[in-house]
């Protein structure tokens, strides 16, 4: 778990999040694979996070009303639906839990506990690195320590960082500080000229703030082309720039006050996901606001209490109405998360020109044998942007279903060219070539598949195909390298390969073990009989 990438056998994703994976594994071991308990744990974590938010803000502000209001807004805010309802949102929840806990113990001066919580936050999600400047900010300005004391008390954080980056290197290798899977659809900002990239990044900030203030029209997808690109002369870009500038100004001017820490909780995590200096894997996602929203809601609560003055009863009445409204929005939003089809239909309805929902719905239509509907989605997706690897792959599936194998081959090849690390087009090409008895071409893609993702099914197909083209020794190597020694297919491939090599003693040994482990195949029985007859 602690030396493996987040996506199994895919270090090129650039993601290392062992703590969520461990939590999934423990749940699976104790409670099985039913999704309900994964959702329950996410809800409990979100509730605990709201409590931690209250404790942190109360310790900072010494204002129970402010801490209570901000924590309630955090607990009920609809923008958190994606992070809480989606099981993979566990990474956001755990990163928040340990990050806020690190801040709380930092205020108490517990260096070892602070380092431990910070380390666990890093193991939850990469974005928790934003906690480091927050912890330093707390020591320097909230605790009013001189810089020499700040560095001395921060020394505990150095081993946590060192061990984290060592584990990250062991898991990701050359992808320790980069991703090999960012594409134009998921984050077009990486591929835009600087002026458009900055303008659109600031526009995204204004969209985030708008959704924090008015959380309607939420979506699980903001990929290309959910919204248009802009340059720095755009009103939305200038608004985003103004928001960031005001945050920096207040952060510095009020640096010794508790409010600055609240702003820091928005400012520093946002910088990591902003695409301003470094591009990330996505242009925008509501789940990414989970940690920054704490700082924003703290500032919002402070402003609300200040405006209310002595009219606190009116304020709490308004807050109650808002929380009821938030609850309704969360309930309504969760309806969209009942199935893949519902979530992508909702996203497509909100952003008709967005690529990912249309491609996803086309795949769902194909699974449900709704080929006409799938073709409609594919045609619309092609009109938006044709250079998307999953789209080309699905066009190949549709062409194959229509009987045009030549066109299917072309689409699959194009898909693999657009994303050389993509699995699906190579699987489809291998299957197509096997069907056409072009085994050598099939092998070219299977060898890439097992390098990209040495899953059992790929290794088994690769091993048998090597035997079929007379490469039995290579098949033996594949079985020994990729298959478990308690797998019936492991013994079947070895037995068949040794049989083809006329090593009948070994062939009989492995073929009998294949049957012992549950392999039932007339060809196995025939080889066992023939091998038995060949042995003196």
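Glycine too: its Cβ is placed from the backbone N, Cα and C atoms.
Residues or ranges marked as transmembrane segment by TrEMBL: 36-57 (among others). Remote same-chain residues near the transmembrane segment (36-57) are listed as 23-24, 27, 63, 66-68, 70-72, 74-75, 80, 83-85, 87, 89-90, 93-94, 96-97, 100-101, 103-104, 107, 262, 294, 298 (criterion: CB distance under 8 Å, separation of at least six residues from the stretch ends).
Taken from TrEMBL, the feature transmembrane segment covers 93-110 (among others).
For 117-136 (among others), the entry in TrEMBL reads transmembrane segment.
Residues or ranges marked as transmembrane segment by TrEMBL: 156-177 (among others).
Annotated transmembrane segment per TrEMBL: 229-251 (among others), in sequence order.
Summarising the annotation, TrEMBL assigns transmembrane segment to 258-277 (among others).
Annotation comment: TrEMBL describes 289-307 (among others) as transmembrane segment.
Residues 69, 72-73, 76-78, 81, 215-216, 218, 304-305, 308 of the same chain lie 6+ residues outside the transmembrane segment (314-331) yet bring a C-beta within less than 8 angstroms of a C-beta in it. Annotated transmembrane segment per TrEMBL: 314-331 (among others), in sequence order.
According to TrEMBL, the repeat 'TPR' annotation covers 423-456 (among others). Within its own chain, the repeat 'TPR' (423-456) is flanked in space by residues 8-10, 389-390, 392-393, 396-397, 400, 405, 408-409, 412-413, 415-416, 462, 465-466, 468-469, 478, 481-484, 487, 489, which lie at least six positions past its ends and keep a Cβ under 8 Å from the stretch.
Residues annotated as repeat 'TPR' in TrEMBL: 488-521 (among others). Under 8 Å from some Cβ of the repeat 'TPR' (488-521) lie the Cβ atoms of residues 456, 460, 463-464, 467, 470, 472-473, 475-476, 478-480, 527-528, 530-532, 534-535, all in the same chain and six or more residues away from its ends.
Same-chain residues lying 6 or more positions outside the transmembrane segment (93-110) and placing a CB less than 8 Å from one of its CB atoms are 19-20, 23, 42, 45-46, 48-49, 52-53, 55-56, 59-60, 83-84, 117-118, 120-121, 124-125, 127-128, 130-131, 134-135, 138-139, 142-143, 153, 261, 265, 290-291, 294. Taking DSSP states H, G and I as helix and E and B as strand, the repeat 'TPR' (488-521) has 26 helix, 0 strand, 8 coil.
For the repeat 'TPR' (423-456), the predicted model reports an average pLDDT of 95. Same-chain neighbours of the transmembrane segment (289-307): 53, 57, 61, 63, 65-66, 69-70, 73-74, 77, 79-80, 83, 89, 92-93, 95-96, 99-100, 127-128, 130, 208-209, 211-213, 259, 262-267, 269-270, 273, 315, 319, counting only residues six or more beyond its ends whose CB sits under 8 Å from a CB of the stretch. The list of residues near the transmembrane segment (229-251) in space but at least 6 beyond its ends in sequence, with Cβ under 8 angstroms from a Cβ of it, reads 188, 192, 195-196, 198-207, 209, 259-260, 263-264, 266-267. DSSP assignment over the repeat 'TPR' (423-456) gives 27 helix, 0 strand, 7 coil.
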